[in-house]
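Copied over from Swiss-Prot:
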- GLY12, GLY13, ARG14, ALA15, SER16, GLY17, LYS18, SER19: ATP binding site (BINDING)
Amino acid sequence: MGSEVCRVFLIGGRASGKSTVGRALAARLGWDFADTDAMVTRRAGCDIATLVAERGWDAFRDMESDALRDAAARERVVVATGGGMVLRAENRALLREAGVTVFLSLPVEVVAARLARNPEHGQRPSLTGKAVADEVADVMRERAPLYAEAARHVVRGDAPVACIVEDITALLAFS
């Protein structure tokens with residue numbers, strides 16, 4: 001692994017596997033793991049749906065940015081970010097500058113199927129009010145250029161977790 005790498009950020013849409021891959025990658029590297037959504041819910045004292053309903057999206061995004069800054073201040077950490085972390089320019093800049101950022105890219109159909117199978121993901125507030133597959137397609141179309149701007153590497157997120165971890169580990173060796 002490149003000697004300057006001390007943080008890995010995982011970005012991508014909802015249900016792209018950021019937390020699952022992040023935990024496995026952190027274990028492989030012997031590093032800590034941080035999840036910005038978990039940091040936000042811990043600080044807010046409620047789940048994200050409640051936070052957004054009571055305080056609004058701007059308050060959530062502010063707390064999300066704070067969580068990213070806190071995670072970026074740590075060393076030897078793999079950070080799973082919320083799907084909308086890239087919406088703010090300052091977050092994209094921090095992701096580029098503070099470590100190696102990997103975009104877990106998935107086909108819309110795979111994300112929609114994961115969301116349909118996992119009730120926990122269904123607890124997140126809808127961004128558009130549309131059907132899951134339509135919302136995923138719209139959100140990914142909007143965010144794809146932002147993920148590309150923030151990421152140093154793109155990895156297919158629909159492979160087995162162990163394969164994704166191997167792919168990222170190999171990329172880190174050259175970062």
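Here the Cβ of each residue, glycine as well, is placed from N, Cα and C on the backbone.
Note that the structure is a prediction, hence the values are computed from the model and not measured.
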Lowest local Cβ density among SER16, SER19, which the record lists as binding-site residues, within 10 Å
SER19
Other C-beta atoms that fall within 10 angstroms of the C-beta of GLY12 (ATP binding site)
27
To test your reading of the ATP site: which residues beyond GLY12, GLY13, ARG14, ALA15, SER16, GLY17, LYS18, SER19, same chain only, put their Cβ within 8 Å of the Cβ centroid of those residues?
ALA80, GLY83, LEU104, LEU106, VAL111, GLY157
